[in-house]
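Working notes, structure below.
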C-alpha cells in the first residue's frame with residue numbers, strides 16, 4: 001500500500017492513531033522513490049539509511065499529536081546543505097561534498113521531526129530552466145517523459161508530481177520553483193525575499209535567491225512554509241517579519257479582492273492557449289467575487305536582460321570560492337597554483353555555469369560596470385516601482401507562470417537565449433523581492449499549465465487565500481500523471 005495520495009493531515013492522523021509508524025511511512029516513501037526513479041530521475045542522492053534511522057528515533061519517542069509534520073518525509077534540493085548527506089549542487093565541482101552543517105531551512109524541518117529522504121536533481125548551481133545542466137542526469141517531466149521538468153528545481157517538482165514524495169524544498173532565483181511547478185502541475189511558492197533563511201543555500205544570486213516549498217495542494221504548501229520560514233541571525237538578509245500561520249486565510253472567500261492582470265503578461269511570446277487558460281482563470285476569480293482589471297507593468301519587458309546581468313555578476317563573485325583548494329573537485333593534472341585554479345574550474349564547471357561566470361565578470365569589469373551592472377540596477381528599481389504602483393490599488397497580480405507548457409528534452413539546451421526567455425514571467429518577481437506562487441490551472445496538449453499569483457511583500461497569506469479559493473472550485477490539482485496512478 002502506498003500513502004502518496006494522502007494529504008499531510010491524513011498522514012498525521014494515521015501516525016497519531018498508530019495505524020502506521022514513521023518507519024513504515026519512510027519505507028513506503030523509499031519504495032515509491034525507487035519504483036519511479038528510473039522513469040523520472042528526480043534524485044541525486046536517496047538517504048535511505050539516515051532516513052530510516054531518524055524514523056526509528058521518532059517512533060521511539062512517539063509522534064507528537066500537536067506537530068503536524070512529525071514523521072513526514074521531505075525531499076530537499078541538492079543546493080541546500082544537509083549535514084552528513086551529499087550536497088552537490090548537481091556539479092562535478094561538488095561531486096563529493098558532504099556538509100558539516102545543516103541549512104537553517106533543513107534544521108527547521110528537523111526541529112519539527114521531518115525526515116530528509118534525499119536530495120533532488122537540479123540544474124548545475126541552479127543555473128538553468130530545464131534540469132538538463134546537471135552533471136549527474138537529466139530529470140524528466142512527470143507527465144511526459146520526453147519533456148523537461150523545468151528548472152532549476154526540476155527534481156523537487158517531479159518528485160512531488162510523480163508521487164515519490166508529498167513535500168519538497170527548492171530554491172528560486174528567477175523562477176526556479178514556479179516554472180517547474182507549472183510544468184509538473186504542482187503548487188510551488190517563492191516566498192518574499194528574506195522570509196526563509198538563505199544560510200546553507202549554495203549561493204547563486206544572493207540578492208535574488210530564496211528557498212521555498214513544493215506540494216500537491218495549496219494548504220500543504222502553506223503548511224510546509226510554516227516550518228521553514230523564520231528569522232535567522234546567520235543570514236544578514238533574513239527578514240524580521242514572521243507570520244504565525246500561513247494557512248490562516250485559507251478557506252476564506254475572496255469577495256472584494258482586487259486582482260490586477262498585466263497586459264504585458266498576455267502579450268508577445270505567450271502561447272495563445274495559455275493566454276486562454278489564464279483568461280478563463282480570471283473569469284473564475286470574478287465568479288468568486290473578486291475584481292480583475294487590466295494594468296500595465298511597462299518595465300517588465302526588460303526583466304530578462306536585467307536579471308542575467310545582475311544574477312551572472314553575483315554568480316561570478318559567489319563561485320570564486322570553488323577553486324580546488326578548500327573542498328570539492330580538484331584537477332589532478334596541475335603543476336602549479338595557477339594551473340590548479342584554471343584546470344579545476346575549467347573541468348569542474350559545466351558550460352552554462354562558465355557562460356554565466358564570464359558574463360558576470362564582463363559586467364563587473366572596470367570598463368563596463370557603469371554600462372551594464374549599474375544600469376541594470378537602475379532598471380531593476382523601475383521594475384520595483386511598477387509593482388509598487390500596482391499594489392497601491394490591487395491586492396494581487398494574476399498571470400501565467402510560463403509562456404509555454406513544458407518543452408522537449410534537448411530542444412533548448414543549446415539555445416541559451418531561448419532558454420532564458422522561458423523565465424520571462426517569473427524573473428520580475430525575484431528582481432522585486434516579492435512572493436509568487438504557481439498553481440495548476442489547466443492543460444494544453446496534455447501538459448499542465450501554471451497560473452501565477454504575485455503579491456506585495458509579506459502577502460503570502462493573501463496569495464494562499466486566493467490560490468486556495470481557485471483550487472476549491474477546480475480539479476486540476478486532483479489530476480495526476482500516469483506514473484502517479486492518474487489517467488494522463
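Note that Cβ sites are derived from N, Cα and C of the backbone, with glycine treated the same way.
Model, not experiment: these values are computed from the prediction.
Packing around residue 77 (active site, charge relay system) is summarised by its Cβ count: 33 other Cβ atoms lie within 10 angstroms of its Cβ, all protein chains included. Under the three-state DSSP scheme, residue 77 (active site, charge relay system) falls in the strand class. Look at Swiss-Prot and you will find 77 (among others) tagged as active site, charge relay system, backed by sequence analysis.
Around residue 152 (active site, charge relay system), the C-beta neighbours below 8 angstroms that are at least 6 residues distant in the chain are 122, 123, 126, 127, 128, 129, 131, 171, 173, 176, 180. If you look up Swiss-Prot, you'll see 152 (among others) marked as active site, charge relay system, on the strength of sequence analysis.
There are 37 other CB atoms within 10 A of the CB of residue 176 (active site, acyl-ester intermediate), with all protein chains counted. Annotation source Swiss-Prot lists active site, acyl-ester intermediate at 176, citing sequence analysis.
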